[in-house]
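So the structure is just underneath, and the comments pick up after that.
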């Protein structure tokens with residue numbers, strides 16, 4: 001029985017989907033003005049793992065994650081870079097895919113961009129105006145009236161006067177009430193804009209998620225999530241917009257709110273605004289992507305996770321332990337899962353840990369129990385060893401790990417020599433990553449040059465439709 005902590009009710013609840021066997025999930029995506037940082041990675045690795053487990057549990061999952069490709073930050077960065085907002089956003093979206101793919105994060109079913117859905121956002125705003133929850137100001141902005149929402153603050157427990165004190169004290173927009181927030185923002189001279197009933201402008205940040213989630217998932221959503229920093233004001237404002245637009249209750253809008261803990265560095269939240277962040281691109285120059293993924297799941301998803309080199313090195317040691325257990329096993333792809341009572345026992349324990357609010361660290365502990373049993377079986381019972389190894393890889397796949405050849409990960413062939421040149425596995429991965437980036441940017445000459453170099457030293461590349469590349473020794 002799956003239990004999930006619901007941010008709305010502040011307690012663990014037995015999860016029951018709106019429609020039997022199906023789950024609709026909406027997660028707030030990235031504002032694409034810069035490279036993804038490790039805080040983004042933690043949130044998306046967590047929801048990727050939740051998605052994988054729900055599928056393992058038997059659900060059909062419809063997963064939507066939006067892309068904010070127009071925003072004040074995007075406009076400011078485009079001006080700084082002397083490029084258009086379209087070009088900047090498009091470039092950063094491709095970089096985002098490179099970063100998330102390399103962490104073995106599955107693509108959502110839908111990734112709607114805001115600029116592709118301006119009309120439906122305008123219609124959503126129009127509906128709020130018709131129902132007297134929004135108004136047009138003299139300077140052409142459209143504002144949401146928080147005073148029309150009797151239970152504003154239900155998710156975050158913020159009171160309306162706190163909203164003004166903490167968030168809007170510096171906001172110079174014309175409003176009926178200082179706590180009101182913008183739905184449609186009038187474009188300044190030289191800024192990108194779209195034509196609306198209220199003049200030239202662009203959507204506010206909060207309205208895009210209400211409009212897009214409704215368009216793709218309907219009025220009622222099973223799971224809505226994001227980082228804990230989105231609880232207020234973003235998700236609070238989403239609740240206000242969506243419940244007012246559709247005349248629905250808060251708990252019928254979203255069954256379960258899931259929020260991930262922050263990644264911390266020097267006891268502060270890792271974020272771009274504090275300028276204390278590391279990009280995914282920077283981190284994978286030091287550590288392999290699978291180690292990073294393991295690390296990001298090493299604390300309970302609702303708790304803060306402290307970034308340190310020691311913590312990541314410990315994650316790598318843990319992975320090495322698991323890969324060492326798998327080393328030397330000739331995998332039989334037709335091994336039948338669940339065909340042994342012992343393996344059923346491990347799977348049941350794994351499910352119990354994950355059913356308890358997706359307890360990833362406890363789920364890891366089951367993998368180590370299996371690795372211990374596997375090491376014994378490799379000596380005493382080779383048939384059972386193969387079965388245990390297959391089940392270990394199956395459960396690890398739910399966590400998005402142990403997808404590599406153990407020999408490659410452990411470095412038994414870390415050095416390939418050709419014409420007195422050598423490449424470590426880490427260098428091979430780096431070259432493949434560079435080639436993936438070149439292909440994304442249509443730099444075909446560079447892509448071919450990297451492939452040729454790897455081919456010359458006995459590396460075979462296989463490009464997947466997702467854009468990822470798998471490699472092996474010839």
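From the backbone N, Cα and C atoms, a Cβ is placed for every residue, glycine too.
Of the listed segments 259-263, 264-268, 269-273, Swiss-Prot assigns motif ''KMSKS' region' to 269-273.
Range 30-40 is the one annotated as motif ''HIGH' region', of 19-29, 30-40, 41-51 (source: Swiss-Prot). Between the candidates 157, 209, Swiss-Prot assigns the Zn(2+) site shared with 28, 234, 238 to 209.
With the fewest other Cβ atoms inside 10 Å of its Cβ, the least crowded of the binding-site residues 28, 209, 234 in this structure is 234.
Counted with DSSP, the motif ''HIGH' region' (30-40) comes out as 3 helix, 2 strand, 6 coil. When other Cβ atoms within 10 Å of the Cβ of residue 238 (Zn(2+) binding site) are tallied across all protein chains shown, the result is 24. Residues 205, 206, 208, 210, 224, 226, 230, 235, 237 surround the recorded Zn(2+) site, their Cβ atoms falling within 8 Å of the Cβ centroid of 28, 209, 234, 238, which are themselves excluded.
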